[in-house]
Amino acid sequence: MSVLTADLPVSRSLPGWAGTAALLAVAYVAVPIFGTSYLFEAILLPFLALSLAGLGLNILTGYAGQVSLGSAAFMAVGAFAAFNFNLRVESLPLIASIALAGFAAAAIGLVFGLPSLRLKGFYLAVSTLAAQFFVQWALTKFSWFSNDSASGVIDAPPLSIAGVAFEGPVGRYLFSLTVVTVLTFLAYRLVISQTGRNFIAVRDNETAARIIGVPVLKTKLLAFAISSFIIGVAGVLWAFAYLRTVEPAGFNLDRSFQILFIVIIGGLASIRGAFFGAALIVVFPLVLSRLGSFLLGDIFDSGVLDMSQRIVLGTLIILFLILEPDGLVALWDRVRKRIGTGLRRS
Amino acid sequence: MTIFSKFKIAALAAGIAFTVALPAAQADEQYFPLQSYRVGPYAAGGTGFFGGFIDYLNLINTRDGGVNGVKLTWSEAETQYEVERGVEAYERLKSNPNVAAWNPLSVGIAYAMIDRITADKVPLITINHGRTDSTDGRVFPYVFPLLLNPYSETSGIVNYIAGKEGGLENLKGKKIVVLYHGSPYGKETIPIYELLAQKYGFELQQIEVPHPGNEQQSQWLTIRRAKPDYVVLRGWGVMNPVALKTAAKTGFPVDHIIGNVWSNSEEDAIPAGEAAKGYTAITTQASGAEYPVVKEIVKTLYDAGKGNLEDKNRIGSVYHNLGIVNGILNVEAIRIAQEKFGKRTLTGDEVRWGFEHLQLDPARVEALGAKGLFHSINVTWDNHEGNGYVTFQQWDGKKWNVVSDWIAPDWALLRPIIEKSSEAYAAEKGIKLRTAEDAETATN
C-alpha cells in the first residue's frame, strides 16, 4: 500500500471544484435528459450502489488498512434494516429509515470489527467472513426480518421524501445520485480531517501511530463503524432503488469479493477509485457480453459465450494489475498528466 | 499507453455494442425474450427448460409457419440464475419490439420483475413456481404461476400420500417429515404443511437442510429417530441426490420418500445411483419421449440437426418436457388472444388477455399432441394458476414411470389463504382490486 496521501486535487489552471461541479451538472442534467431506461436500470443504478459500497470499504481497507470480506453482509443489514424501520415504525420518513439502517449496519460493523483489535491481515479477513455467513444465516433463519413473507423475499417501498416521489428509472437514479453525492462529500471531508490522518497512520504503522498519540483501538473501531454505515446505505440503494426487491441470497460472498475487487482495481485509499472500480466491474462485463453476443451470438449459445467472457475478463484484470498495480486512479492521473504536458508543449 | 489504447478500443466497442440497431419491427412477428441460464449451478434445469421451450417455438415456426402466420422469434440473455443479471437481461431484451411474455424460470428474478412488467403491461409466466399469492389475478394482473403454485404442490403431495394410505381420513396419526432446502424457496410451504397437518391430524416435523445441502448426516439421523411414515423432499440441486444417498445409508426406505416439483428430474435421481431406485416425485408433466408432440420435435428438429439440446439423451427429460409444456401454454395463449384481437402481432396486454382465457381441456391437449404429457389448464381472470393437475413418477434406476392418476390439489381449501396474502399485499402497495370488467379490455 504505497499510496500515502488522500487524493487531493492535482494543481491545474482551474480550481479543484470545477471538475466536480461539471461532473455533477452532467449527472444531474444531461444524463436524465438523454439517458435510456437501459442506461439507468442496468448500468447507472448498480454502478451508484456499488460505488458507494466500494467507497465504504475503501475507508476501511484503503485508508485504515483493515481487510474485510463482510461488505455484502453489511449491505444486507442496511437493506433489511431499512425495510423493517420503514415497515414497523409508522410515519417515519424514508430518509430517516435509511439513516437508521446505516446506523444499524454501523452497529453490526462495530461488533464484527472487534476482532481487528487483536487480528491483522488475513486473520482479520477470515474473521470478517464470519459476518458474511452469520448475517446471511440470521436473515434466512428468522423470518421476522422479511416480515414473515412466505418466500423470504421483500418488496421495496415507494421512494418518496417530503412528499416528492422518486418514481421510474430517472427518479430512482436521481435519488441514488443525491445520496451518493452527499455521502461522497462527507467521506471526502472525513479523509482530509484529523480522523482521516489517524486512519492512515494506523494503516502505515500501528506502533508508530500509538507512539505519536493516535488512539489505535478507537480509530480502528471508528473505521469499521463509518465504513459499515456507508456500505449499509449502499445496501439500501441496491435493494430499494436498483432491484426493488431483496433476498438474503443476493448478498452472498461473491458480492463481498466484488466490492473488494472494486476497491483494489479502482485504487486503494482514493475516493475516486471506488467509482472507477465500480464502473469497470459493472460496465465491462456488460460490454463483453453485448459484444460477444453481437459478434458470435449466431455461432455459440449463450452459455459458451458467458464462459469465455469470464476468461477474457479474468485475463484483463490480471494484465491490468500487473501493469498498473495502483489501480485505475493512478492510470487516470498519468493519462491526464500526459495530456496536460502535451497541451503545454504545443 | 498500451493499456490505454486497449481501453479506447473497449470503449469504442462498447459504443458499437450499445448502439447496434435492433431488428426493425415487423408486422407479423411475436417475440419471446429469454432470460436463460446455461452456466452456473442450475445449468441442468436451465438448458433443459429453455431447450424445450425453444424447441417448441421452433416446431411451431417450422411445421405451421408460426401461429396463424405470425412468426415466433426469440433471443437469449444469460442470467446464471442471478437476480441482477436477470434485471440487466430484462432491460436489454425489453427494447425488442412485439414482446409476448417473459419466462425467467427463477423466483428471484420474477420478484424483481413484478413492478416492471406491470408498468410495461406484459405477462410474466412463472410455471410451477413463483409467488403463491400471484395466483390472485385481482391483485397481480400480469403474473401467471401457471399449472402449479407451491401451495397446490403441497396439497397435491398430501393428497397422494392420503391415496396411498386409503383416504384422507387415514392420515390421522401418521407421521410426515418435510426435509426442506434452507432458502426462501424451501421455506415457502412451511405454513401450509402446518395447516394441512392440523386439518388432517397427521404428525408433522419440518427439518431444514442448509444450502447447498451436501451434508445431511445429522438430519437423517433425526429422521431415523423420528421414524416417520413418509419423508417429503423439498430440495434443489445437489441436495436431492445427497438426501437419497444418505437415506439409503441410514436405512430409510426410498419408496417412502416423495420429491417435490424441483426434486423430480433425471439430474436429481441419476447421481444417487442405486439409492434412487424406487424414489417417487410429483410432476405436472410426465417425462418420456413417447408423446406425439415430443416425437414431432424429434422428427422435425433433431433429425434435421436443428434441436436445441446438445445431448439428445435429454430429449423427453423432466426439464425438457416442462419447457415444451411451457411452450404450448405460451403459444396457445397467443392463439386464443388472436381469436379475439385478430391474427396479427399482439401487444403484451392482449397476450395477457389470452393467458386469462387459457382454457385447454383434455381434448384440446390431446389435439395438441400432449395427451398424457400434462392434464389440462383452466386459467381465468382471477385464477392465474389455472388448476393444473399433478401426477407422480417413480424412478426405476434408468427412467421415470408414472405411478398415479392425475391428482387434483385441494384448490378450494387453498384459495382463501392465497386471497388473504394477496389482499395484504394490495393494501400494502395501495393496489385497487381488479374486476372482471377491467380484465376484459386490453390496451393495444
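Note that Cβ sites are derived from N, Cα and C of the backbone, with glycine treated the same way.
What TrEMBL lists as transmembrane segment is A:12-31 (among others).
Residues 31, 66, 68, 71, 74-75, 169-170, 172-173, 176-177, 179-180, 183-184, 187, 190-191, 199, 223-224, 226-231, 233-235, 237-238, 241-242, 258-260, 262-263, 266, 268-271, 273-275, 277-279, 281-283, 286 of the same chain lie 6+ residues outside the transmembrane segment (A:37-60) yet bring a C-beta within less than 8 angstroms of a C-beta in it. Look at TrEMBL and you will find A:37-60 (among others) tagged as transmembrane segment.
What TrEMBL lists as transmembrane segment is A:67-85 (among others).
Annotation source TrEMBL lists transmembrane segment at A:91-114 (among others).
Sequence-distant neighbours of the transmembrane segment (A:121-139) (same chain, 6+ residues past either end, Cβ-Cβ under 8 Å): 66-70, 72-74, 76-77, 80, 108, 112, 115, 145-146, 152, 248-249, 251-253, 256. Sequence annotations record features per position, and here TrEMBL assigns transmembrane segment to A:121-139 (among others).
Marked as transmembrane segment by TrEMBL: A:173-191 (among others).
Annotation source TrEMBL lists transmembrane segment at A:221-243 (among others).
The annotation transmembrane segment is assigned in TrEMBL to A:255-271 (among others). Here the transmembrane segment (A:255-271) has Cβ contacts under 8 Å with residues 1, 3, 6-7, 50-51, 53-55, 57-58, 61-63, 68-73, 75, 132, 184, 187-188, 191, 200, 203, 231, 277-278, 280-281, 317, 320-321, 326-330 of the same chain, all six or more residues outside its ends.
Per TrEMBL, the feature transmembrane segment maps to A:278-299 (among others). Sequence-distant contacts of the transmembrane segment (A:278-299) (same chain, at least 6 residues past either end, Cβ-Cβ under 8 Å): 42-43, 46-47, 50-51, 54, 258, 261-262, 265-266, 305-306, 308-309, 312-313, 316, 328.
Positions annotated as transmembrane segment by TrEMBL: A:311-332 (among others).
When each of A:173-191, A:221-243, A:311-332 is checked for Cβ pairs under 8 Å to the transmembrane segment (A:67-85), A:221-243 comes out on top. Here the transmembrane segment (A:221-243) has Cβ contacts under 8 Å with residues 41, 45-46, 48-50, 52-53, 55-57, 59-60, 63-64, 66, 68, 71, 74-79, 81-83, 98, 101-110, 112-114, 116-117, 154, 156-157, 159, 166, 172-173, 175-176, 179-180, 183, 187, 190, 195, 199, 202, 250-251, 259 of the same chain, all six or more residues outside its ends. Long-range neighbours of the transmembrane segment (A:311-332) within the same chain, counting only residues 6 or more positions beyond its ends whose Cβ lies under 8 Å from a Cβ of the stretch, are 2-3, 7, 261, 264-268, 270, 272-273, 276-277, 280, 284-285, 288.
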